[in-house]
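The block underneath contains the structure these notes are about, expressed in structure tokens.
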Amino acid sequence: MAGVEETEQVKGATREDTQAADREPETLYGISGSPGIVVGRAVVLRPRSDDLVRYRLEKEAIQAEQERFQEAVDQAEQELKDLRSKFEGDLSDTLTIMDSHIRMLRDRMILDQTANLIEQKQINAEWALSRALYLVKKKFDHIADEYIRDRFADVEYVVNLLQEQLSEHGQQFPTGFAEPVIVVSEDFTPADTVRMQSEKVLGFLTEKGGTTSHTAIVARSLGLPAVVGVENITERCRTGDMIILDGYDGRVCLSPTMDQQKLYQEYDRQHRAFSEELSWYIHLASETLDGLRVRLSANIEIPNEIEGVTYYGADGIGLFRSEFGYFQQKHLPDEETLFSVYQDLVIALDPQPVTIRTLDVGGDKLAIQLPGNKFKALHERNPALGLRSIRLSLREKTLFVTQLRALLRASAFGRLRILLPLISLLSELKQVQEIIGQVMMDLTDEGVPFDPDIEIGIMVEVPSAVTMADVLAAEVDFFSIGTNDLIQYSLAIDRGNEYVAKMYDPLHPAVLRMISRTVEAGHAQGIEVALCGEMAGDVFMAPVLLGLGLDELSMRPSAIPHVKRLLRHSTSRRLTDLAKQILKCGDGMETRALLDCYLASNAGEWRERS
Amino acid sequence: MKTVSWESTVTNPNGVHCRVAERLIKVIDEYEATVQIIDRGPPIDCTSILELLSLALVQGSRVRFTAQGLDAEQVVAAVEQVLSEPEPSEPEPHQNSPAQIQVQPEALKE
């Protein structure tokens, strides 16, 4: 099995080193995931397939790589020993075979050979190990005796165990690159992207995903450019290729000419100059020319983004995605850990509100990776329509209560708002209210302080919640429209599916009508309606959202000055008129045409920025 | 330092495969001696199971051994014993194929 591939891989590796130079320049188009332009070498990772991850190391990283390899050997050995202990008292033959496996693991042809290759060739452990195995294979290939030659399968078995250990514990995301690189992969999970927060990463390029994929969201929050949804990029682009990543326009140039590189660097300079102008808006109020105020708040995922929140002048946090706290360690976070994160946020922003969404995992957000693999057994055919988000919280009550206790306790220190995701039924909401009531009683009994008037709101992100918004509005303190999911659920488009991602259209009139309906239902009950999807931070789309009467737009922090500038150049009357007209549109094309006209006559230079 | 050199014939029916190689290394390890084996190429230490295997010592192979160390004399008999051991309780050689070993661990995990 792996034997033949091994040969391929080793050949592939040598070809790779010489290939970059003689390739024709080629431009590929994807979707803009995060703005910015970078020029650099690509490292292609294929964490989702069985292909080997190969990369070169810088000198300083060799020691760490050796340690990583030794650790994997220790773990693989432990695994084999554990296995052996289960056969203890069994056939002595089997035990001897297992002993021979343990011995192979530490055999000099594997261990020393791999270590030498890491050292001398400056390559990662996985790559070195596969080359070591290849050398063993060459020796075994010469064996005439079939029975002994077939023992190579035992060697392979042991090496595969070792490879598994390396990929499990050895962060598939290398940190020891010799120069900063553009990481290319089919897709990244949120946890992956966070692990890669390193000065050695210039940007991200993926095969899957759209504007709202996690790679895109995280890349934006890290301020790194990303292009997503480029078909077959992991095939077309090779490790070591020089590429230009244009996160503004969702373009990738493979093997660019020097002229192209210069041109793109100039684009980048212009974009940066423009952002500088925007910084003037940071300290101004977010209001229209006629004084209509709209809160512009921040969406964040990791607590240390708080710097950006204050830097860009956000009016509080409109959405704190609490999931990250759950993926940082191997075990689930305890109440104290969560509490201290929430407390810090609330104190840092007081008196501005901090809206924290309860655990929203499942669907595309990896319930499967919840520590302890508790939900791994759940093979859902349609995870997006399955046990996710509030449904998971209601099923795993201990998990939910722990988070609610932490939230309520933190509410004593400032203005904290609880946001419940994926509510699709009134009874679901009632169930949550009951649990919150119980937690409040417990806290009171324990004498632990919390804000008894804490605001509780729901995400409106399922079409049924839109339809029932009038009923739901009577039960909560605020609405927050989650357009990312609402668009997916109402247009039946999986934003992570590259074949249909282009049909994911926030400007589809159906979406805009649903937003309008939700705003009206909320206002009729006297509650505020926010919108926290990605579209809130898109200056091209923002006018229609402002015109629909939303009280708050929550977006990535760096988009706030852009939207504020637009808001400060608008009048409420014009925005409302625009929205009225747009609600009559038949499709997204018409919506776009109207927005184009509006922007051309009201905020001229915005058009080109969209 | 004592050095003993001798020739030996592998009589083990399946030759020096995993289990025999493992036994050989383990047995030698019990003595104060290093044992080298010379087949056609350069001598190799009897500590690397993969090098031993790659010698492909089938039944009837003749090889030269060199033992060095305090127990050099005692180790000879031990090595000879392993090389002539009958296959213990093994009706078919393929019973110990790794495929089987790989399947079992899965079954043991809950």
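Indices start at 1 and increase along the chain as displayed.
Here the Cβ of each residue, glycine as well, is placed from N, Cα and C on the backbone.
Lifted from TrEMBL, the feature list:
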- A:His214: active site, tele-phosphohistidine intermediate (ACT_SITE)
- A:Cys532: active site, proton donor (ACT_SITE)
- A:Arg321, A:Arg357, A:Asn484, A:Asp485, A:Arg495: phosphoenolpyruvate binding site (BINDING)
- A:Glu461, A:Asp485: Mg(2+) binding site (BINDING)
- A:52-93: coiled coil (COILED)
- A:13-26: compositional bias 'Basic and acidic residues' (COMPBIAS)
- A:30-151: domain 'Phosphotransferase system enzyme I N-terminal' (DOMAIN)
- A:178-250: domain 'PEP-utilising enzyme mobile' (DOMAIN)
- A:283-570: domain 'PEP-utilising enzyme C-terminal' (DOMAIN)
- A:1-27: region 'Disordered' (REGION)
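Across the residues the record lists as binding phosphoenolpyruvate (A:Arg321, A:Arg357, A:Asn484, A:Asp485, A:Arg495), the two Cα atoms farthest apart are 21 Å from each other. With a 10 A radius on its CB, A:Arg357 (phosphoenolpyruvate binding site) counts 26 other CB atoms from all the protein chains. Taking all protein chains in view, 21 other C-beta atoms sit within 10 angstroms of the C-beta of A:Asn484 (phosphoenolpyruvate binding site). Neighbours of A:Arg321 (phosphoenolpyruvate binding site), defined as other CB atoms within 10 A of its CB across all chains, total 22. Using a 10 Å Cα-Cα cut-off from A:Cys532 (active site, proton donor), the binding-site residues that qualify among A:Arg321, A:Arg357, A:Asn484, A:Asp485, A:Arg495 are A:Asn484. Here the domain 'Phosphotransferase system enzyme I N-terminal' (A:30-151) has a mean pLDDT of 84 out of 100. When the alpha carbons of A:Arg357 (phosphoenolpyruvate binding site) and A:Glu461 (Mg(2+) binding site) are compared, the span between them is 13 angstrom. Across the structure, A:Asp485 (phosphoenolpyruvate binding site) and A:Glu461 (Mg(2+) binding site) place their CA atoms 6 angstrom apart.
The residues of the domain 'Phosphotransferase system enzyme I N-terminal' (A:30-151), classed with DSSP into helix (H, G, I), strand (E, B) and coil, number 74 helix, 14 strand, 34 coil. Using a 10 angstroms CA-CA radius around A:Glu461 (Mg(2+) binding site), the binding-site residues that qualify from A:Arg321, A:Asn484, A:Arg495 are A:Asn484. The local packing around A:Arg495 (phosphoenolpyruvate binding site), expressed as other Cβ atoms within 10 Å of its Cβ over all shown chains, amounts to 27.
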